[in-house]
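*Asks:* Per TrEMBL, the feature active site, proton acceptor maps to K35, Y257. Taken from TrEMBL, the feature substrate binding site covers R132, M305. The annotation domain 'Alanine racemase C-terminal' is assigned in TrEMBL to 236-360. Among the features that TrEMBL reports, N6-(pyridoxal phosphate)lysine is placed at K35.
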Amino acid sequence: MSRTTVATIHLGALRHNLDRIKRMAAPAKVMAVVKADAYGHGLERVARALDGAADAFAVAAQGDGLRLRAAGHRQRIVVLSGPDRASDIPEMQRLQLDAAIHHESQLPWLAEASPTRGPLRVWLKVDSGMHRLGFAPDRVAEIHGQLSRMPGIDPEVGLLTHFSESEEFDGSETAAQIARFNEATEGLSGPRALSNSAGVLGWPDAKGDWVRTGGLLYGLSVVSGKTGADFGFRPAMTLSTRLIAINRVARGERIGYNGTWTCPEDMCVGVAAVGYGDGYPRSAAAGTPVLVGDRRVPIIGRVSMDLVTLDLRNAPDAQVGDRVLLWGPELPVEHIAAQAGTISYDLTCGMTRRVLFVEDES
Ligand SMILES: *Cc1c(COP(=O)(O)O)cnc(C)c1O
């Protein structure tokens, strides 16, 4: 069966966004975060579009570092979750990947790192309050000293931390995290990297020497009520499909699984070829908008695996075969995410293999 759901990746938007991040973050350098298949946009595709412009790439797992090296990228690549086992160390040295060191259990593997394979570059992760990965602030100086003396480790040890709610620009937690990080790392040598995307937008004091931006690269915002476009970024993904049926349904009839939506009058119901099997969120509530041509129309009833149903009363000229836009520059994915009770990253990361990916230069 041929599928009609298409994710168009806008390479020009990716380049514009990185450029804008670089200007906002300067003089700090930029790690382009391309974990989770570049937030669903395609790792190799995004890395190719940004090659040369990004100071470094950041990935969650070593396997993504391997993919980037296999694609010929030569810049720094930081593995944010570090090595998972002793045998990762020689592989990271071979691939020249930077390792994030966040836990006691990784230290013996590092102590064994071979000095002849080329020094492994490491970043020491400080837990400044998120309580996910990282060393407690009072351990940082000691671990930094240990790492910088290990024979297989590059003595310039970087310092990382991660914010838990930097999108809350009025909150106090990020300022507290910055203060804890600064105190824990005071007097230690090595580059600092604190900010994620929301940190770049809202916390200019936390620029450090490097920023680690994912969301903004793809034009995505996690700031409540704001889209990436509100900050001058351009969405890098358009998700679209086609109308495959238009049916006349009588007043009082119920639409879709469990009949959760009842027609208030005789009306046209459109059926578009997209569903949660493509990554469109099943949790998108009735009323979530799509664009049919230039008409904004709401989803009615439940999102099913392959299909959604649409109230076409606002699009009387709609025809079978018309393009249906699910999100993109004209319909912010942040708004769709809000309707589905989640964030934009979750939606773009959720594209399944059934979706056809194409690229354009816009
Ligand atoms: C994912 C991630 C980032 C990027 O966060 P964005 O909000 O997408 O900019 C930065 N740092 C770490 C450690 C991460 O895991």
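Note that Cβ sites are derived from N, Cα and C of the backbone, with glycine treated the same way.
Keep in mind that what you see is a predicted model, and the values were worked out from it rather than measured.
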*Asks:* Quick one: pull the CA-CA distance for R132 (substrate binding site) versus Y257 (active site, proton acceptor), whole Å only.
*Replies:* 39
*Asks:* Quick check for the class: what is the C-alpha distance, in angstrom and rounded, between K35 (active site, proton acceptor) and M305 (substrate binding site)?
*Replies:* 26
*Asks:* Please count the residues of the domain 'Alanine racemase C-terminal' (236-360) that DSSP assigns to helix (H, G, I), strand (E, B) and coil.
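*Replies:* Counting residues per DSSP class in the domain 'Alanine racemase C-terminal' (236-360), I get 19 helix, 49 strand, 57 coil.
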*Asks:* Among the recorded positions listed here, K35, R132, whose Cβ has the fewest other Cβ atoms inside 10 Å?
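*Replies:* Relative to the other recorded positions in K35, R132, R132 has the fewest Cβ atoms within 10 Å.
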*Asks:* For the domain 'Alanine racemase C-terminal' (236-360), report the average pLDDT of the model, please.
*Replies:* 98
*Asks:* Quick one: Cα separation, Y257 (active site, proton acceptor) versus M305 (substrate binding site), in Å?
*Replies:* 11
*Asks:* What does DSSP say about K35 (active site, proton acceptor): helix, strand or coil?
*Replies:* helix
*Asks:* When you measure from the Cβ of Y257 (active site, proton acceptor), how many other Cβ atoms are you left with inside 10 Å?
*Replies:* 12
*Asks:* Using Cβ atoms only, which residues of the same chain lie under 8 Å from M305 (substrate binding site) while being at least 6 residues apart in sequence?
*Replies:* G275, Y276, G277
